Amino acid sequence: MADIALGVHRRGHLRAIGLASLGFGLFSAGDAVMKIMAGGYPLPQAVFFNALFSLIPIIGMALWSGGLRQLGTRRPGLHLLRATLGLVTGYAGYFAFARMPMADVYAILFTAPLVITLLSALLFGERVDFRRWLAVLAGFAGVLVMNRPSAAGIINVGAVGAALCALCYAASALIIRHKGQTEHALTFPFYANLLALPVLGGFLPSVYVAPSFEDFAWTAVGGVLSGVALTCLLTAFRNAPSPVIAPFQYSQILWGVLFGALLFGDWPEPKLAVGLALVIGSGLYLLRREARDATG
C-alpha cells in the first residue's frame, strides 16, 4: 500500500511539473507576442488589453473549479496595493521587452528570489544567514556581468525596466506570503487585472491607436496565453509543493533564447551564459534553503 501511495504521490508531482512547465512556456509565448506588439502601440493601450484578455481564463477557471464565489474578498486594500504593483510590473515589462532580447529580460527577472530575500530581511526582519547574503551578492554580480555599462557609462534603459519589474514582482510575492493567507489564490490575479482596467482605460481616449484586425487578434492571443499560463501554474502549485515547482521557472530562459533567435534574430552573447550561471545558481540555492527551513 505504501508503494502504491508513493507512486500516486510521484505521478501527482510529475503532472504538476508538466503543468508548470507548460505554464512557463505559455508565459514566454505571451511575452513574445508582447514584444512583437510593444513597438507599435502606446503602453497604456497594450497593458490594458493584455489585462482584459488575461481575465478570460482566470474567470473560466473560477467557474470550472467551484464558482465565482471564490473571487470574493475581505481584503480590498490588499488587492489595491497588489494591483498598483501589477500596473508597474506590466508597464516595466513591456518597456523592457521592447528594448532588450527576451533572454536578457528573463535573466534580470530571475533576480526576483534574490530581491525577495533582501526585502524579507529589510521589511519583515526575517533572518538571513551569511551564506544567503553571499548568494544574493553573487546573483547581483551576475546581473552586472550581463548588463555592465558601456565604455561611455551608458546603461541599457531596458535593463532598468526589467529590474523594476523584478522588484515589484518580489514585493507582490512578499505581500501574498505575509498578508494573503486568507485569500483564495485566484483572487490575486483576478483583482490585479480587474483593478488595472479603469486606471488604464482612463488613458485610452488620449492615446488610443486603432489596431489592424491581425494586431488585435495577436493582442488577444497574448493576453489569453498569459491567463492560461497563470491557471496552469495555480493548478500545479495546488498539486505539488512550491520547492518542487519553483525551479522549473528557469526553463523560461530556454524559451526566451528560442523565441528571441527565431522571431527577432537575437542570439545570446557569451556574457549572458556567465551571468545566468550566477543568477540561476544563486536563485536555486535560495529556493533550496527556503524549502529546508519550511520542512524544519
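Just so it is clear, glycine is given a Cβ too, placed from its N, Cα and C backbone atoms.
Taken from TrEMBL, the feature domain 'EamA' applies to 18-147 (among others).
The domain 'EamA' annotation in TrEMBL covers 158-282 (among others). Counting residue by residue with DSSP, the domain 'EamA' (158-282) contains 104 helix, 0 strand, 21 coil.
For 12-34 (among others), the entry in TrEMBL reads transmembrane segment.
Below 8 angstroms of C-beta separation, residues 34, 37-38, 87, 90-91, 94, 186, 189-190, 193-194, 196-197, 200-201, 203-204, 216, 219-220, 222-224, 226-228, 230-231, 234 of the same chain, each at least six residues beyond the ends of the transmembrane segment (46-68), sit close to that stretch. Under the heading transmembrane segment, TrEMBL lists 46-68 (among others).
Below 8 angstroms of C-beta separation, residues 31, 34-35, 38, 43, 46-47, 50-51, 105, 108, 157-159, 161-162, 164-165, 168-169, 171-172, 175-176, 188, 191-196, 199-200 of the same chain, each at least six residues beyond the ends of the transmembrane segment (80-97), sit close to that stretch. Under the heading transmembrane segment, TrEMBL lists 80-97 (among others).
TrEMBL lists 103-123 (among others) with the feature transmembrane segment.
Annotated transmembrane segment per TrEMBL: 130-147 (among others), in sequence order. Remote same-chain residues near the transmembrane segment (130-147) are listed as 104, 107-108, 111, 113-114, 117-118, 155-156, 159, 163, 271-272, 274-279, 281-283, 285-286, 289 (criterion: CB distance under 8 Å, separation of at least six residues from the stretch ends).
According to TrEMBL, the feature transmembrane segment maps to 153-176 (among others). Within the chain, the transmembrane segment (153-176) has long-range Cβ neighbours (under 8 A, six or more residues past its boundaries) at 78, 81-82, 85-86, 88-89, 92-93, 95-100, 104-105, 108-113, 115-116, 119-120, 123-124, 143, 147, 188.
Taken from TrEMBL, the feature transmembrane segment covers 188-210 (among others).
Positions annotated as transmembrane segment by TrEMBL: 216-237 (among others).
Sequence annotations record features per position, and here TrEMBL assigns transmembrane segment to 244-264 (among others).
The feature transmembrane segment is assigned by TrEMBL to 270-287 (among others).
Averaged over the domain 'EamA' (18-147), the predicted model reaches a pLDDT of 89. When Cβ-Cβ distances under 8 Å to the transmembrane segment (216-237) are tallied for each of 12-34, 188-210, 270-287, the top count falls to 12-34. Sequence-distant neighbours of the transmembrane segment (188-210) (same chain, 6+ residues past either end, Cβ-Cβ under 8 Å): 40-42, 44-45, 47-48, 51-52, 54-55, 58-59, 62, 71, 73, 79-80, 82-83, 86-87, 90, 176, 180, 227, 230.
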